[in-house]
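Single-structure report; data block below.
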Amino acid sequence: MFYPEQFDVIIIGGGHAGTEAAMAAARMGRQTLLLTHNIDTLGQMSCNPAIGGIGKGHLVKEIDALGGLMAKATDQAGIQFRTLNASKGPAVRATRAQADRVLYRQAVRMALENQPNLMIFQQPVEDLIVENDTVTGAVTRMGLKFRAKAVVLTVGTFLDGKIHIGLENYSGGRAGGPPAISLAQRLRELPLRVNRLKTGTPPRIDARTIDFSQLTQQLGDNPTPVFSFLGNVKQHPQQIPCYITHTNEKTHDVIRNNLDRSPMYTGIIEGIGPRYCPSIEDKVMRFADRDAHQIFLEPEGLTSNEIYPNGISTSLPFDVQMQIVHSMKGMENARIIRPGYAIEYDFFDPRDLKQTLESKFIHGLFFAGQINGTTGYEEAAAQGLLAGLNAARYASEEESWFPRRDQAYIGVLVDDLCTLGTKEPYRMFTSRAEYRLMLREDNADLRLTEKGRELGLVDDSRWEHYCRKLEMVEQERQRLRNIWIHPNSNNLNDINNILKMPLSKEANGEDLLRRPEMNYKLLTSLPLFSPSLEEPQAADQVEIQVKYEGYIARQQEEIEKQLRNENTSLPVDLDYRQISGLSNEVVAKLNDHKPSSIGQASRISGVTPAAISILLVWLKKQGLLRRSS
């Protein structure tokens, strides 16, 4: 039977991609349905209990700037907050938080259940309704059919998921979760390229059986960072420490002696695992010269005794896992309460997607999260938000939107995926962005909140907060520009005591702030330049904008040069064999990738500047030389 109500957007899957997609579509006023196999696991942190990190924290801030959920949920659930790379420049500073799994899940569920225009329904999805190359709905296990104008697939590792522990394996979407076998089979019937990937998780340890007195304690930062631009330290629950131990030669011997029982090293697992989050087996074999690896013991929550040993992801048999754990300092008597495992699952080639995350071949069908070959909660959430907003715009026949590489890490993420594809789980790093100085955590709202408001993603309270911050920053910069000091001024001694070279010519507050030995706090502690802003976000923004103004201006010039042909559209169905002058290699690569713009084409390995020139000439001759916004 058909459900009596028709929806604008259906989201299939309630993980980090699905929840952001559902919230985005509903915030934009579309009637949205979230289908999940289990309402109790909405927003579940299936692997490590942490949000953020290098590159990943930038994504979370961007999601937040667009009105998303992840940062706000983390502020309500974070039990330890740190700023990584704090001693480095602002471009690579990143926020990371340990999160209480239960509190995080509760925060996500509460947000979903209180979101207008959003209905949640518990049933596994087994089929899609596709008519004339257009998706029109979904079918659940009990045969109930839902109609919608757009569908977003956010199914994580559940598609034909297979869990491996040693040489044993069984079907599963994650430990304790069923696989989506029927849906996987249905998707394989569609004209989409599909492959397998693998990820893994470590065994969980009972904290009561660890001797923490032998271990190095790792505390959070003071003052404590917040994730959301609307966040406040008062929202944080109790803060607790993590601990550090190390593997050793005994650990490595145990692993080397049991590789014949590893599903990875015996060829049972065929999927490729994440390069930047390798299993402990991989680390020991790939870095044979290392006699130790650092392992972080991360609490799973305030009301749980479970510890997540970050760094020993493994699919070795359980008896070997016990030997590995017991070989490490402080863990000699530790008890494993959940075994580690690897999981293989289907993913679909993201080169078959537009940068809006809509399929190039099935209208109205969007993909987000691990189904696109990424790894990580943050990467999934970012894709979910983008897919959700574009599904909402598709449903109301509005023009789609996605950020460029110079506008957001979300733009870097989708451009990398849709242009280059991936053969291993893709993870975000700051090093993937050409314009890092423009794409900082601190200015994510300045880059994206205005666009989010225009798209209908940003509510009144966030918009008012953003406008107040903008006003504070501009007023403070104007104030500093208007205060001048001269070499013969009476109160010069205080300033010269801070400056490495005494002031030799007149300068205003911004001139002084540009000096490397000066910072905003020091400057505004001087009577002439006081008082300082009370809002830390605005104060940080003033200092960064002033100190890096010249560098930012130069990077902006580079961006403008690069954008001249970036958005020149290419027909998605173009057969490049018909364009004379292109080499066979270039033709093969362009036909394989099917880029949607000259910018995308230029980033494909082997596509030369000469080939780009040929494409531009061909487009001009065909009357197709136009630039999309």
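Glycine is no exception: its Cβ is also placed from the backbone N, Cα and C atoms.
If you look up Swiss-Prot, you'll see Gly13, Gly14, Gly15, His16, Ala17, Gly18 marked as FAD binding site. Counted within 10 Å of its Cβ, the other Cβ atoms near Ala17 (FAD binding site) come to 34, all protein chains included.
Secondary structure at Met285 (NAD(+) binding site), taken from DSSP and collapsed to helix, strand or coil, is helix. The annotation NAD(+) binding site is assigned in Swiss-Prot to 273-287.
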Pairwise Cα distance for Arg275 (NAD(+) binding site)/Gly15 (FAD binding site) [Å, integer]: 23
Candidate binding-site residues Gly273, Glu281, Lys283, Met285, Phe287, pick with smallest Cα gap to Gly18 (FAD binding site): Gly273
Intrachain C-beta neighbours of Cys277 (NAD(+) binding site), sequence separation six or more, cut-off 8 angstroms: Thr199, Ser313, Thr375, Pro425, Arg427
Cβ-based neighbourhood (8 Å from the centroid) of the FAD site, residues Gly13, Gly14, Gly15, His16, Ala17, Gly18 excluded: Ile11, Thr19, Glu20, Ala21, Thr36, Gly43, Thr154, Val155, Gly156, Gly369, Ala380, Gly384
Which same-chain residues, if any, lie at least 6 apart from Lys283 (NAD(+) binding site) yet have Cβ under 8 Å of it: Arg290, His293, Gly311
Binding-site residues: Gly13, Gly14, Gly15, Gly18, Gly273 - member with fewest neighbouring CB atoms within 10 Å: Gly273
Gly14 (FAD binding site): secondary structure state under DSSP, collapsed to three categories: coil
Under 8 Å by Cβ from His16 (FAD binding site), counting only residues of that chain that are 6 or more apart: Gly43, Met70, Gly369, Tyr377, Glu378, Ala380, Ala381, Gly384
Around the Cβ of Phe287 (NAD(+) binding site), the count of other Cβ atoms that are within 10 Å: 12
